[in-house]
Structures are given as C-alpha cells and as structure tokens.
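Reviewing the structure listed below.
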C-alpha cells in the first residue's frame, strides 16, 4: 500500500505542479489581453476595418475568461500541490471535494446538452419542400462556421436552386461579409463547395467535443481517487508513527 500510494502521490504532485504553472500562465495571459484590449478600445471608434474591431472584441472576451478561470485553476492546483508537500490531509480532502463538485456540474451540463442536441436536428431539416425557404440564416451561419454545404450533402443545394449559396463555397472571397438575406447565389462554375453536409459536420464536431469533454471528466475522477489514496496513506503512516512512539 505504501509503494502504491507513493506512486499516486508522485503522479498527483506532477499533475498539480503542471496545472499550477498553467493557471499562473493563463492568469498572466488574461491580464495581458485585458490591458491590450483596453488600450485598443480607446481607438475603436477610429477603426474602419470590421476585422480589427472584431479582433479587439474577441481579445476582451478571452481576457475576461482567462482572468476568471486562471486563478480558479491556480487555487485548486495549489491546494492539491501543497496538501501533498505539507502532508495536509484537510487540504487534499478540500481538493477532492472541489473536484467532485466540478465533476457533478460538468456531468449535469453534459446530460443537458445530450438531451437538447437531439431537438436541434430540426434546425437543419427543411421546413417546406422549397429550398429557397430552406436556406435559413441558421444554415448560412453554420455553413460559414463549420465549412459545410447543405443539410445532408452539397448536391441538394445545387439541385434545388441551380446555384450554391455563397456560404457553401470554399473561396471566402466569393461571399466576403454578405449574409443570407443578400443576393449570395453563386454560379456552380465559380463555386467549389465544401464536401460534407452540415448535419454530418455538426454531429462529428459534437462527437469530438464529447470525447474531449468526457476524457477531461475522467481525468478529474482519477485525480479525486488519487487524492483519497494519498490521504489514506497519510492516515496510515500517522497511526503507525503513533503506535511506535
């Protein structure tokens, strides 16, 4: 038990050291992004380029997110790190309890998302037989973001419309910043459409994201188990020491 616990202690110490450094790095990056975005926002009214304005907005959002999550990661990792180094059982228990609460929250979010995703398919499906009505703003935005074309395959757009919506085309210069409400139909000769349909691309993205999400939750569960193993080893060693003395 002692050798086994020492292995888990070493693993947990390495993990928390990495996340402690990561949390500090994210916090510093968030502060830098916030300061940079604040200085850029003073000139935002002078900017004519929408891309630069949008980039500054993203910088503000990312900076605030990092400032929130960076310190949280740092505090949690430090609790686990110092609990091992100083052999503080209460700190390791607190570390494990916090991770348990996070896992419960993540599991609830995951279940909610799984339950709601099945209802989102209607957003990709045609509401009427006419494709003119099928080409909604939602689909147009999805085609640009996921780089896909059509609901299930690109050919359905050309078959019904005789042309591709601009958001279907790989060449971004063909549609620029136009929206679905504009006249964005592109001649098939000029447009090289994305190969996959949006529903397939969307579900593939969800599967990938779900795998990463589930892996991270599993990683947290391993840290929780390791923390309790280390706490138990501290208790056993303390009892052994008391018996000897």
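Yeah, the Cβs are placed from backbone N, Cα and C, and that goes for glycine too.
Computed from a predicted structure; not experimentally measured.
Per TrEMBL, these features apply:
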TRANSMEM  12-33  transmembrane segment
TRANSMEM  57-82  transmembrane segment
TRANSMEM  94-114  transmembrane segment
DISULFID  149-168  disulfide bond
TRANSMEM  212-231  transmembrane segment
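Within 10 Å of the C-beta of residue 149 (disulfide bond) there are 28 other C-beta atoms, taking all protein chains into account.
If one looks beyond the transmembrane segment (12-33) by at least 6 residues along the same chain, the residues whose Cβ comes under 8 Å of a Cβ in the stretch are 59-60, 62-78, 80-81, 84-85, 223, 226-227, 230. Cβ neighbour count for residue 168 (disulfide bond) (all protein chains, 10 Å cutoff from its Cβ): 31. For the transmembrane segment (212-231), the residues of the chain that approach it from at least six positions outside its boundaries are 4-5, 8-9, 11-12, 15, 80, 83-84, 89, 92-93, 95-96, 99-100, 102-103, 106-107, 110, judged by C-beta separation under 8 angstroms.
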